[in-house]
There are 2 protein chains.
Amino acid sequence: MKAVGIIVEYNPFHNGHAFHLEASRKVSNADIVIAVMSGNFLQRGEPALVSKWYRTKMALLNGVDLVFELPYGFAVQKAETFANGAVSILDAVGCDYLCFGSESGDIDSFYRTIHYLNDEHENYENNIKQYMNKGVSYPKALALSYQQLPNSENFLDLSKPNNILGFHYIKAIIGQNSSIKPVTVARKNANYHDENFTSETIASATSIRKAIFSDEKKIKISQYVPEPTKKLLDEYMNHYGMYHNWENYWDYLQFRLIQASNEELQEIYEVEEGLENRLKAAAIQSTSFQEFMQKVKTKRYTWTRLQRLCVHILTNAQKIEMTKFTEKASYLRLLGMTTLGRDYLNQMKKHFRLPLVSKLSSFKEKEITLDITAARIYAMGLGGIQRQEMLKQEFIEPPIYIKK
Amino acid sequence: MKAVGIIVEYNPFHNGHAFHLEASRKVSNADIVIAVMSGNFLQRGEPALVSKWYRTKMALLNGVDLVFELPYGFAVQKAETFANGAVSILDAVGCDYLCFGSESGDIDSFYRTIHYLNDEHENYENNIKQYMNKGVSYPKALALSYQQLPNSENFLDLSKPNNILGFHYIKAIIGQNSSIKPVTVARKNANYHDENFTSETIASATSIRKAIFSDEKKIKISQYVPEPTKKLLDEYMNHYGMYHNWENYWDYLQFRLIQASNEELQEIYEVEEGLENRLKAAAIQSTSFQEFMQKVKTKRYTWTRLQRLCVHILTNAQKIEMTKFTEKASYLRLLGMTTLGRDYLNQMKKHFRLPLVSKLSSFKEKEITLDITAARIYAMGLGGIQRQEMLKQEFIEPPIYIKK
């Protein structure tokens with residue numbers, strides 16, 4: 001069986017994702033689709049709208065055959081590390097292709113850009129250093145330095161978020177000597193960060209989340225998401241009584257910032273010297289996460305990086321643990337499968353290049369601890385019986401199975 | 001001016017306290033009454049019903065002239081350390097007397113018991129060791145060992161909570177070579193831990209708190225508390241919308257137990273080897289603080305000690321900090337004064353044997369950090385604007401002044 005891999009967050013699964021899924025199958029001519037998906041906390045440093053279990057169901061009901069969890073240590077990370085972890089998992093489960101959406105839509109432009117940057121290596125690094133010294137954030141420094149290189153306009157536009165991700169996917173494939181063949185499809189309509197609806201059927205996940213949390217109950221998201229998503233979102237609300245957002249975790253973040261010692265905060269991943277005082281002072285002065293972020297924000301740190309840092313404070317993700325996650329994943333956490341996915345698994349798992357984890361209670365690797373803690377901290381956003389249920393679930397839940 | 005010192009928690013101030021206050025003034029024939037009072041967290045390991053500022057007002061309106069805070073490092077501690085801190089403060093501000101309530105009511109019996117235990121030192125220690133080896137809790141081992149000594153029935157009944165406290169007050173006075181003269185008055189009617197009302201006007205603070213948190217709104221506490229207490233309790237409810245109890249902090253405790261590393265928990269004061277696993281497991285299985293405590297409870301740890309430990313987890317009070325608080329306080333935090341109290345302060349403060357702190361923002365001692373954190377964690381039990389107000393208040397609030 002030929003397998004195409006995709007790297008997703010599905011927060012939530014929408015028509016744009018369905019388009020990408022179909023295109024991935026078509027351009028690769030693969031028999032099955034394998035997704036690596038972020039867990040309960042996402043690359044942008046946010047809790048997912050609904051749990052990874054519900055997002056796994058969305059994936060399976062919408063055409064994915066196997067879902068593996070991208071470990072926390074890769075998921076809540078900058079694009080480069082995120083890409084390394086995701087590619088290493090797709091490689092370990094024997095994917096033939098990786099298909100990603102991009103603004104460019106042309107795979108050759110990615111290779112040309114990578115080679116070009118190899119050649120311009122020294123200039124590029126120097127430019128980055130200069131921008132960083134001026135107090136510019138790292139991603140911005142990258143983009144500006146790139147733009148300054150001669151003829152860079154002939155290569156990939158690296159100011160576009162999906163081009164950046166794709167660029168890192170291919171660098172990871174090269175770096176890991178993987179035999180995966182990357183293909184890309186042009187993203188349709190909506191831009192990644194669009195907050196407003198601009199098309200009849202395609203909208204960004206950002207705009208869909210905005211509508212979900214909006215007070216205007218009349219805003220309909222049905223036209224932008226497939227039926228299973230709609231059904232699962234309703235089911236989640238019925239069962240858990242809420243969708244998750246940062247404000248559900250603000251009390252905990254504030255509490256921890258007030259009680260933690262400076263030494264403890266300095267051990268948290270991404271907390272740089274002196275930032276702990278700034279965080280503590282802002283925590284005392286703020287009544288919401290949004291207010292807190294506005295107070296903490298500086299030119300040096302992007303909003304996304306600060307949000308990731310806040311997630312790390314919640315999950316107590318320390319430098320000593322997180323720096324183990326840079327190159328490759330060390331286990332495969334199976335979240336769900338269809339019948340076809342199960343067949344693939346049975347046929348192929350003896351060739352998998354990493355240990356397969358179907359149930360946490362029978363797996364003892366230290367590195368998975370962060371995933372468990374993250375899942376439990378996510379559950380803390382809920383109240384009462386629902387919280388308790390999710391706290392216990394993480395350890396005993398078998399992978400989701402969808403017969404089809 | 002002659003001063004009598006008292007050691008209090010006033011949770012809340014009730015008629016029994018008023019009786020003790022009057023008696024203290026009378027038996028000592030003192031001009032002013034100085035109280036050392038626990039802050040927002042109490043010796044039994046509980047958040048106070050209302051903040052230390054409101055309890056200071058209760059004290060001043062009911063006849064106390066000066067209120068100093070017993071630092072967190074002495075307040076949330078076993079009787080011996082609690083007594084050391086409190087006595088050292090009363091000594092530092094020049095008290096002539098210390099008057100405490102006891103079940104015994106006879107000061108000589110305290111001295112006789114202390115001397116008797118000195119003589120029986122070896123036997124006593126051996127007995128304690130044997131009980132501890134059997135897994136009995138420390139306070140229980142003390143009481144049982146004492147009872148086993150020959151003729152101990154002729155001395156103080158050390159199974160009574162106020163006798164135990166008094167015993168440690170006098171040991172502290174002797175140990176610190178203080179010139180304070182201890183006097184005791186018999187407690188009237190209600191026993192310390194009584195949960196039910198047994199007299200017309202005197203009830204234990206425990207039974208009053210129980211009534212306050214009871215759903216039966218008809219239970220009247222008015223007959224058991226003086227008018228100012230009633231007024232201040234109502235005012236607190238109007239302003240903050242709640243009274244504090246452990247359940248208001250359960251979410252934070254659960255969160256911290258889930259996210260803390262074992263190493264971090266082992267650094268918390270009173271966390272003994274292996275207990276961290278038991279605490280973590282119980283946190284995941286429980287939906288309330290009461291349920292959690294039932295799960296964690298063992299013969300070895302008293303309920304009170306476990307509650308104190310939980311407060312230390314909330315405030316992140318580490319062994320390395322807490323073990324500095326054993327013998328004597330190192331500062332005097334003034335919480336409030338009457339006109340008479342202010343006169344005493346002006347006249348006597350040059351003789352105070354410890355630095356006087358009237359406002360936190362102008363005091364830099366490292367040791368006061370725990371008091372600040374404790375006050376802020378207490379504020380986290382509130383929501384919204386009220387929380388914010390109390391978070392800021394701790395640092396800027398001048399001592400309360402009551403003109404009379």
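For all residues, glycine too, the Cβ spot is worked out from N, Cα and C.
Among the features that TrEMBL reports, ATP binding site is placed at A:7-20, A:Gly101, A:Asn162, A:Arg187.
Of the listed binding-site residues, namely A:Tyr10, A:Phe13, A:Phe19, the sparsest Cβ surroundings within 10 Å are found at A:Phe19. For the recorded site, A:Ile7 (ATP binding site), the DSSP three-state label reads strand. In three-state terms derived from DSSP, A:Phe13 (ATP binding site) belongs to neither a helical nor a strand segment and is classed as coil. Cβ contacts within 10 Å of A:Gly16 (ATP binding site), excluding its own Cβ and spanning all protein chains shown: 23. Neighbour counts of Cβ atoms within 10 Å were compared across the binding-site residues A:Ile7, A:Asn162; the minimum falls on A:Asn162.
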